[in-house]
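What TrEMBL lists as transmembrane segment is B:20-40, B:46-65, B:77-99, B:105-125, B:182-200, B:231-255, B:267-292, B:304-327, B:339-364, B:389-409.
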Amino acid sequence: MSGAVSGKGAAVEVRAVEKRFGNVGIIRDLNLSVAEGERHAIIGPNGAGKSTTFNLISGHIAPTSGEVKLNGDVISGLRPFEINRRGLSRSFQVTNVFARMTVWENVRCAVLWATGHRYAFWKNVDSLPEVRERTARILDDIHLTHRRDVPAGLLTYAEQRELEIGITIASGATVVMLDEPTAGMSHAETDRAVSLIRRLTEGKTLVIVEHDMSVVFGLADRISVLVYGHIIASGTPEEIRRDPKVKEAYLGEEAH
Amino acid sequence: MTTAATSTAKVAADAAGGSLRFYGVWLIGIVVLIVLPMIFSSGGSLTSFSLIGIAIVFALSYNILLGQTGLLSFGHAVHYGLGGFAACHMMNAVVSHGWPIPLPFIPLFGGLGGLMFAMIIGWVMTKRAGTVFAMISLGIGELVASSSLILRSVFGGESGITTDRTALPKLLGWSFGPQLQVYYLIAFWLVLSAIAMYALTRTPLGRICNAVRDNPERVQFIGYDPHVVRYIAFCFAGFFAGIAGGLAAINFEIANSAYLGAIQSGLVLFSTFIGGTAFFFGPILGAILVTYLQLGLTNLTTAWQLYFGIIFIGIVMYAPGGIAGLLMMHRPLIRAGTLWTVIPSYLVAIVPTVALACGVILAIETVARFSGGDAINLFGIAFNPTSPVTWIAAAVLVVGGFVVARLTWRRIAEAWDRAGTVARDRGYLA
Ligand SMILES: Nc1ncnc2c1ncn2[C@@H]1O[C@H](COP(=O)(O)OP(=O)(O)OP(=O)(O)O)[C@@H](O)[C@H]1O
Ligand SMILES: [Mg+2]
């Protein structure tokens, strides 16, 4: 798996990014490089700045300084929808769906821009075959076909998490970022979600934040460890497991 | 993959069955509009129907903002009014230049008037949703309404701009002098606009409007700029409001500052909300009810605005989904076959609730007419507003009605719980 990494350019590159909220520096000199086709996990204690890193890369917030590149182009400073149109899609740690719309509508909305229908007000949304097929396939993938007509707000927690993934991958983005996709799930649900993620991100670049170490070490080609807004180590699962700084700062904490 | 294929087939089958029902509803609506004036042909009914038609177009246009895109506007009448003025000026220009444009095309110019203003003002207005948008819409509404009194050449000052709809070129021999012909013109534009606005909800843009309503933040992460979505929705709403204003200009043969003002903006908000914003037909029900109430109540009582207020508060507190929401709430029960279990509790509740309403009416009218001394006529019974007997009757009805009504409302809730549980078990309710 990890052999695929070499020889390809960086899909996501974060260079010397700082982020301050007021006087508090939350992200300090952040450097991160995710190769094309790589599955990259970001781990770190609560409040380390993992979600903030996601927000910085996806354009949700702008860095105070430094730059972010997607496939070699600078994207820091762009709006989230501009970054999304360039092929980067992210999910949210706290479920962030369209609550009053049905599961079907949720996924379909996420398909519309990528299929080129944009702001069209002269087309019937129900008679767009490629949109319908893609939506149906994604619902099938996330096992929610039987819930297609239920408003997203009425789904169970685990179902909402799966819908969150479905919306994120619906556009067919080449870079997918998932923020704690399995948080709050039971063991069985986590297993299912992980195999889902593995399958849906086949051939794509994946950046994932995850607290469950068995998931991280089972899924990731490379891992970055974020502590207090700074990446203290980045490498293969084997390298990370052996790294003394990581042991001290993070994995040691897990052990006791 | 197979599941995807079968679900696609199911969608197609559903669509076929649904489309029959769908076109049926629209056809019935059109037939009703055609035969209505044949059944109720008095001048008064024709006037009412015409006003209702205009109010429906206006309320549907408002719901593009409120129900579909989640934008609460306090100044929607601006587009209605400017549409009215545009239509009046256009009619006068047609007459003075002798252009070959017959009256039925005039509402289109009203629409363009509403659209033009929306395009100019909308980009700044729709930058933010929520309170910011609401406040700006209020400000713009006041600004335009007050300018209309200052810019006399365009708006005609206090007296407004008058016009003569019969002076335009005839179409198929129709002069549009008689109210019946005006009614059919309004009905025609009502059908056209309603179909267009319904179709809009079924387009990619329409669905993304819903997404922006539900979660403007997430929309940005599926490739859409919520600002652009809101702007386009705002322009459509302005266009259809302008059509409604153009129809009003034709109907009244005048446009004046009252078209643009806060009262008109409030009325459309009121109609749309009472009807229910979550369903396309909600504003239609609201516009019908509110127009009838307005026409009926203004004749009966000077305190009619107070009743509007009470109804509005009641809906906001007890039925935020409006009338459409109340009706559609029963759909899962009908499907599950448990509707009959809640009906008896409704019937029981009617009596004390009506008593309570009578008490409230009596109390309001007593206060309203106390100094004038006019008798209150409630269901054929005359009450003297200065007599203590009336006060006691009002107090007994309000207090007694409320106490008993609350018990019966509780029974409705219990019946609903039971019916809902069954419906949920049978899979008709999520
Ligand atoms: N908009 C903001 N304004 C101020 N402080 C913020 C803001 N967003 C995040 N923070 C702070 O930045 C720090 C990092 O938060 P972040 O959500 O990125 O952590 P995280 O690594 O994702 O943690 P968790 O594992 O709990 O999800 C926290 O201390 C948080 O309070
Ligand atoms: Mg987080």
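Cβ atoms here come from the backbone N, Cα and C positions, even for glycine.
Here the transmembrane segment (B:105-125) has Cβ contacts under 8 Å with residues 78-80, 82-87, 90-91, 94, 133, 136-137, 140, 168, 189, 231, 234-235, 237-247, 249-250 of the same chain, all six or more residues outside its ends. The transmembrane segment (B:182-200) shares more Cβ pairs under 8 Å with B:231-255 than with any other stretch in the list B:231-255, B:267-292, B:339-364, B:389-409. Contact between the transmembrane segment (B:46-65) and the transmembrane segment (B:304-327) is not supported, since fewer than 3 Cβ pairs fall under 8 Å when only residues 6 or more apart in sequence are counted. Annotation: stretch B:231-255 has the most Cβ pairs under 8 Å to the transmembrane segment (B:77-99), among B:20-40, B:231-255, B:339-364, B:389-409.
Same-chain neighbours of the transmembrane segment (B:389-409): 345, 348-349, 352-360, 362-363, 366, 376, 383, counting only residues six or more beyond its ends whose CB sits under 8 Å from a CB of the stretch.
Note on the transmembrane segment (B:231-255): residues 50-51, 53-55, 57-58, 60-62, 64-65, 68-69, 71, 73, 76-77, 79-88, 91, 103, 106-115, 117-119, 122-123, 125-126, 155-156, 160-165, 176, 182, 185-186, 189, 193, 196-197, 200, 205, 209, 212 of its chain, located 6 or more positions outside it, place their CB under 8 angstroms from a CB of the stretch.
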